[in-house]
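What TrEMBL records for LYS6, ASP136 is active site. The annotation domain 'GHMP kinase N-terminal' is assigned in TrEMBL to 66-144. Residues annotated as ATP binding site in TrEMBL: PRO94, VAL95, ALA96, GLY97, GLY98, MET99, ALA100, GLY101, GLY102, SER103, ALA104. According to TrEMBL, the domain 'GHMP kinase C-terminal' annotation covers 202-276.
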Amino acid sequence: MRAPAKINLHLGVGAPRPDGFHPLVTVYQAVGLYDDVTVEPSPGWTLGVSVPEWIDADAVPVTGANIVDRAARLLAAHHGVEAHAGVSVAKAIPVAGGMAGGSADAAAALVALDRLWELQTPDDDLLRLAAELGSDVPFALLGGTALGTGRGELVEPVPDPATWWWVVVPSTEGLSTPAVYRRFDELAPDAPDEPAGAGTLLQALESGDPEVLAGALHNDLEGPALDLRPDLADVLEEGEEAGALRGMLSGSGPTCLFLAESADAAREVAGALAARHEVVLVTHGPVAGAHVVTYG
Ligand SMILES: C[C@@](CO)(OP(=O)(O)O)[C@H](O)COP(=O)(O)OP(=O)(O)OC[C@H]1O[C@@H](n2ccc(N)nc2=O)[C@H](O)[C@@H]1O
Ligand SMILES: Nc1ncnc2c1ncn2[C@@H]1O[C@H](COP(=O)(O)OP(=O)(O)O)[C@@H](O)[C@H]1O
């Protein structure tokens with residue numbers, strides 16, 4: 001099961017609600033960086049996680065705290081069955097990077113285990129279970145490009161007819177999402193209840209023009225994240241100097257994203273950034289959400 005990373009092309013954040021979550025108006029896009037979640041029949045429950053050398057293995061919990069364990073327990077409880085499977089997660093999405101890798105794994109686990117256990121859970125139920133696991137998880141099921149509202153869990157697809165090219169620079173050190181939201185509250189104590197709307201961004205997507213999209217990208221968590229990690233501002237500047245149309249943080253960061261004019265331009269920007277950064281990836285969006293790949 002391939003599970004894509006997400007980026008937020010627009011991330012409008014409002015003042016915290018009584019439950020502590022922030023109201024969002026966001027435009028998610030699924031991009032072509034994937035974790036692989038494989039499930040096999042097994043009498044008990046096992047979970048293995050593998051990472052490439054540039055991801056810190058210790059950053060991903062392998063005990064019951066992994067979001068894949070939570071997804072399995074939730075799906076099993078919903079149907080009153082036992083959670084039994086051998087699950088492997090091969091990570092390639094930066095961890096704690098603002099690209100929702102954990103959410104992608106959770107969405108993939110829901111779909112894969114639903115098949116393995118022959119549960120035929122209706123899509124609406126899967127979306128509800130996904131929302132219980134995390135605000136970003138319903139989008140990971142959907143993929144493509146979607147408007148997210150509520151705390152990010154209410155998702156509806158939006159038109160996005162072009163292919164956009166992105167350069168991705170992961171950070172060696174992760175950034176905690178709750179810490180960035182807390183910094184947002186400290187820096188914007190008078191934030192309006194209503195988050196900034198996504199109208200300009202949605203129009204930019206329909207234009208198909210990367211320069212128009214570059215002008216419309218918006219991330220209310222970038223200020224707070226840069227306040228916590230001022231070093232990232234230099235990375236954003238480097239990418240823009242190397243020819244990117246625009247640099248921005250992915251969600252709550254610290255992964256830096258660069259929009260390029262074309263696939264060739266993205267490779268050029270990536271080449272320039274590779275002189276200073278160990279890992280530089282080129283990807284594109286939108287791509288499909290968590291889906292099944294059958295081997296053999
Ligand atoms: C910021 C975003 C942007 O898409 O993603 P990342 O950049 O982390 O990937 C999301 O809002 C992250 O979603 P996700 O990581 O699923 O969050 P959850 O597990 O639901 O919540 C983790 C914590 O983040 C804060 N949180 C999350 C969502 C929201 N609308 N308001 C919040 O204040 C809360 O402190 C919450 O306890
Ligand atoms: N399968 C998983 N993959 C990555 N992180 C996980 C997973 N399960 C639990 N986690 C925990 O969730 C945190 C946030 O993970 P992640 O989804 O990668 O980041 P973000 O919320 O920034 O998009 C990690 O720091 C890690 O402790």
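Backbone N, Cα and C define each Cβ position, glycine as well.
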10 Å Cβ neighbour count around LYS6 (active site)?
31
Compute the centroid of the Cβ atoms of PRO94, VAL95, ALA96, GLY97, GLY98, MET99, ALA100, GLY101, GLY102, SER103, ALA104, then list the same-chain residues not in that set whose Cβ lies within 8 Å of it, in sequence order, for the ATP site.
ALA5, ILE93
Which residue counts does DSSP give the domain 'GHMP kinase C-terminal' (202-276) for helix, strand and coil?
43 helix, 11 strand, 21 coil
Suppose we screen the recorded positions LYS6, PRO94, ALA96, GLY102, ALA104 by Cβ distance to ligand 1 with a cut-off under 6 Å; which survive, in sequence order?
none
Measure from each Cβ of the recorded positions LYS6, ALA100, ALA104, ASP136 to the atoms of ligand 2 and list the residues where some distance is under 6 Å.
ALA100
ASP136 (active site) has how many other Cβ neighbours within 10 Å of its own Cβ?
29
For the domain 'GHMP kinase N-terminal' (66-144), DSSP counts of helix, strand and coil?
46 helix, 7 strand, 26 coil
Among the binding-site residues PRO94, GLY98, GLY102, point out the residue whose Cβ has the most other Cβ atoms within 10 Å, with all shown protein chains included in the count.
GLY98
